[in-house]
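Peer 1: Here it is, the structure in full.
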Amino acid sequence: MVSLPRQILIQAILILLNAFFAATEIAVVSLNANKLRKQVEEGDKKAAKLLKMVENPSNFLSTIQIGITLAGFLGAALASDALAERLTAALQSIGVRIPYSALNTISVFIITLIISFFTLIFGELVPKRIAQKKSESVARFSVGVISAIATVMRPVIWFLSLCTNTVLRIIGIKPNADDEQVTEDDIHIMVDAAGDAGSIEEDEKEWIQNVFEFNDTAVSEVMVRTSDIVAVQEKMHNAEVLAIIKESGRSRFPVYGEDLNDIKGILNARDFLLNLNDDNMKKIKDMLRPAYFVPETIHADKLFSDMQKKKQHVAICIDEYGQTSGLITLEDLLEEIVGNIYDEFDEQEEEELIKVSDNLWKVSGSLSVEDLEEALDIDLPDEELDFDTVGGMIFSCLNEIPKDGSELDVSIFGLKIHVTKILDKRIVECYVSKETDENNLTEEKKSEKDVETEK
């Protein structure tokens, strides 16, 4: 009979073999096929072998299962044959009075439990957890051995794969069908998980999310409204145009005839400034470049691509009635992905929403209703929203346009709003709170102003 230490050593070796195959299975299954393809293009031979396993899992899994089955079978057979006999003899020697057959059965059961415990911990759970954490390292370490076993066991593996694929076809599954493609939701989940784990920075996470939102964003949601367009009238004198260029700091201006619905073209500030020093000064209409018109319903990603191809920097947005509804630049579109871009001539824009206290926000009238909902964690009834901005929401409560410089209070959709600044018939600034708070909104706003004054 084989000595006890040798029997324990044999069991340990079999458990390690089980661990090797179990870890390899998890490691290879966890690999990223796209990453492997890139490594193959760079001439990585191990990556080529691993990619073959990932793309043809049937043969690989058959190889793994043969190894695990053999290790488990041999371990159980040797344990029940040798270790169980030793345990039976030991129990009899200490005076256990049970018939030999029953005692041997109990011994086999006990040995099986012990071997199963060690196999489960050291042959399955621990190696699989390690493989999850170090999938590429484990896969690269084991790929040579697995490839060699697959070559030796090719006839057996072929037969097992044939049987497996046959059963799959019987139950209506195509064994060679492509796996499900990664969806946008899958990427969102991965990005959120990577952000939570700290694998990517918060800014990077936001950029990736903005790319997907970019595809679903209509230009009408991000364009500069007609009321905010800085434009030039074609009959303006050079001094007036120069003043507009200096004040705005912009490089391109729409030029209109009677009004903004009559866009004649785009004036480049550089062309105009160079013309000022020209002996043969041109008229504004002779310096215009063709305007690029687009429907306001076009998606941001499509417009961005079109403007790049056509080398356009400014687009005039047209509504369904053929009227000018806004203007958008290539920089505006890019900012939807990476955030505000400032150059040395840009003034720092004031934030459109500032949290003053637990239930008080300082809000710009141009803030979108969607951004207000997100910041205040509220849901407004979509079917009742005939406006896009906070200013529009406030005007929907009024019967007349308030005078510039006046202040007013309104309540709508469970919100209390105190308007503090009206300019050019537009809501510029207001304070918003939820009606669930019993404190007087005006008093809170005044207190906030007092605090700012003291500072």
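Glycine is treated like the rest: Cβ placed from N, Cα and C.
Please treat TrEMBL annotations as automatic predictions, because they have not gone through curation.
Sharing the features that TrEMBL gives for it:
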type: DOMAIN; residues: 1-204; note: domain 'CNNM transmembrane'
type: DOMAIN; residues: 223-283; note: domain 'CBS'
type: DOMAIN; residues: 287-344; note: domain 'CBS'
type: TRANSMEM; residues: 12-31; note: transmembrane segment
type: TRANSMEM; residues: 59-80; note: transmembrane segment
type: TRANSMEM; residues: 100-126; note: transmembrane segment
type: TRANSMEM; residues: 138-160; note: transmembrane segment
Peer 1: With Cβ distances under 8 Å as the criterion, find the stretch in 12-31, 59-80, 138-160 that has the most pairs with the transmembrane segment (100-126).
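Peer 2: By the under-8 Å Cβ criterion, the transmembrane segment (100-126) pairs most with 12-31.
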Peer 1: According to DSSP, how is the domain 'CBS' (223-283) divided among helix, strand and coil residues?
Peer 2: 22 helix, 15 strand, 24 coil
Peer 1: With Cβ-Cβ distances below 8 Å as the criterion, list the same-chain residues six or more beyond the ends of the transmembrane segment (138-160) that contact it, or say none.
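Peer 2: Long-range Cβ neighbours of the transmembrane segment (138-160): 20, 23-24, 26-28, 31, 46, 49-50, 53, 59-60, 62-67, 130-131.
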Peer 1: Can you check how the pLDDT averages out over the domain 'CBS' (223-283)?
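Peer 2: Mean pLDDT across the domain 'CBS' (223-283) comes out at 87.
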